[in-house]
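Asker: Please find one structure pasted underneath; my questions will follow.
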Amino acid sequence: MLSLTVLEPQHQLRQLARFRWGVIGFIALAMLAALLLHYPVSSRPLLLLLLGLFAASNLLLPLLPHANRYSMRLYALYAVGDIVLLCCMLLLTGGVSNGLVALLLLPVAMASVLLPGRLCYLVALIAVLAYTLLLQLGDLNALSAAGPWLELQPENAAILAHAHHGAGHGSFDQHLLQMWWAFALSAALISWFISAQARQIRKQARVLNQLQQQQLQQEQMLALATFAANTAHDLATPIQTMALIADELQVDAAQSDQLKDLQQQLQRCQHLVQQLRQDAGSLRQPQQAEPVLTLTEQTVQRWLASRPDIEVDCQFDRKATDFLLAEPQSLAAALLNILDNAADASLARQQSKLSIACQLSAQGCSIRIRDYGEGFSEQRLQELGHLPQLSSQGLGIGQFLANASIERLGGKVVRSNLADGALTCIELPRRHV
């Protein structure tokens, strides 16, 4: 799913190349038909040169390095280039009197699908200007402008007579004006309708992609929750057995200190397993709304009981008491994971402190946790919290669960590097607090 999002520009580039190969093939067939039917052409070598440029630009398209980074500009450039090439070809083959003048609408349609509204309207305007140029120049001016490259053939006299006839008769001028209006309206309608439909399709695709990501995230969370429940169940028996053995070994006074430490650690493990069971059981019960400030304070105090080696500087906005959170368990679980990871990052640099702030703004409530570790690399910032990733530092799964829990509440988790450490910000919109 994520790979499809990444590959979408490359897919569009391939589709653009196929579309242009179709246009090139159609033009080549039209040139062959013109040759067989003795259609008047001003300069066949120049026409072949233009077709060669058309094909060369298409061969160059998949070879451009990092084309997906500037795909929009590339689409616009190719659309304008196609209009210029088609206009030159039409000038050599009769101008507006050529029945294939409607080919100028193909780049407009292509731009309407691939480009945003303003750019596709600009391409449509350029196509209308090209059509206007064909009306003004006609085949006669194309012949004179090309100079020595044109092969003036006797059959071109019909085109010249047609052009002079249009210049001297009002009825034919009116006909050309009607043709211009028809082309301009067609270009405008194509740009408006196709771009609107393409925009709607892209919007629906983004929504569908988000829903698919949420579904995948929920499935991963369910799998992790199942593993956690099974692990808690499996750990209960060996922990209890080790606690009984430690009690029996306590009769040896020489090892009483070590056994006390062992018993304390075993009691902590038992407490954690029981707490996990209680938290899982509370999720089955209807949750009552709690103030964000109260929930944050209680969660921090609960966390400090298991991490006495960490000093926390708390700065809480008392106004946060007035704002309630409908699902407090989700925020509490996310806070515990983020605090654990922040503490580990600080301890890795021999720093045993954290800073926590809870503030209100016009947009909602934000909880900021600052650690004094080494920070994150750019790649780590992009990946962390989006997919469960195991690492030696213990980061990945906890951050993924924290992101999923906050996003389920309608908020988001933003991580950034500071001069000394990293900052994790939980942002909850006002409509969710």
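Even glycines carry a Cβ here, placed using N, Cα and C.
Got these off TrEMBL a minute ago, pasting:
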- 230-432: domain 'Histidine kinase' (DOMAIN)
- 21-39: transmembrane segment (TRANSMEM)
- 45-63: transmembrane segment (TRANSMEM)
- 75-93: transmembrane segment (TRANSMEM)
- 99-115: transmembrane segment (TRANSMEM)
- 120-138: transmembrane segment (TRANSMEM)
- 179-196: transmembrane segment (TRANSMEM)
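Tell me what's around each of these sites.
Answerer: Non-local neighbours of the transmembrane segment (45-63) in the same chain are 13-14, 16-17, 20-21, 23-24, 27-28, 31, 78, 81-82, 85, 88-89, 92-93, 146, 149-150; each lies 6+ residues outside the stretch with a CB under 8 Å from one of its CB atoms.
With a cut-off of 8 Å between Cβ atoms, the residues of this chain six or more beyond the transmembrane segment (75-93) that come close are 12, 16, 20, 23, 27, 34, 39-43, 46-47, 50-51, 53-54, 57, 61, 100-101, 103-104, 106-108, 110-111, 114-115, 119, 122-123, 126-127, 130, 133-134, 137, 139, 141-142, 145-146.
Residues 76, 79-80, 83-84, 86-87, 90-91, 95-96, 101, 104-105, 107-108, 111-112, 145, 163, 166, 176, 179-180, 183-184, 187-188, 190-191, 194-195 of the same chain, all 6+ positions outside the transmembrane segment (120-138), place their C-beta atoms under 8 angstroms from a C-beta of that stretch.
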Asker: Quick test of the contact rule: Cβ under 8 Å, at least six residues beyond the ends. What residues does that give for the transmembrane segment (179-196)?
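Answerer: Residues packing against the transmembrane segment (179-196) from afar: 96, 101, 104-105, 108-109, 111-113, 115-117, 120-121, 123-124, 127-128, 131-132, 135.
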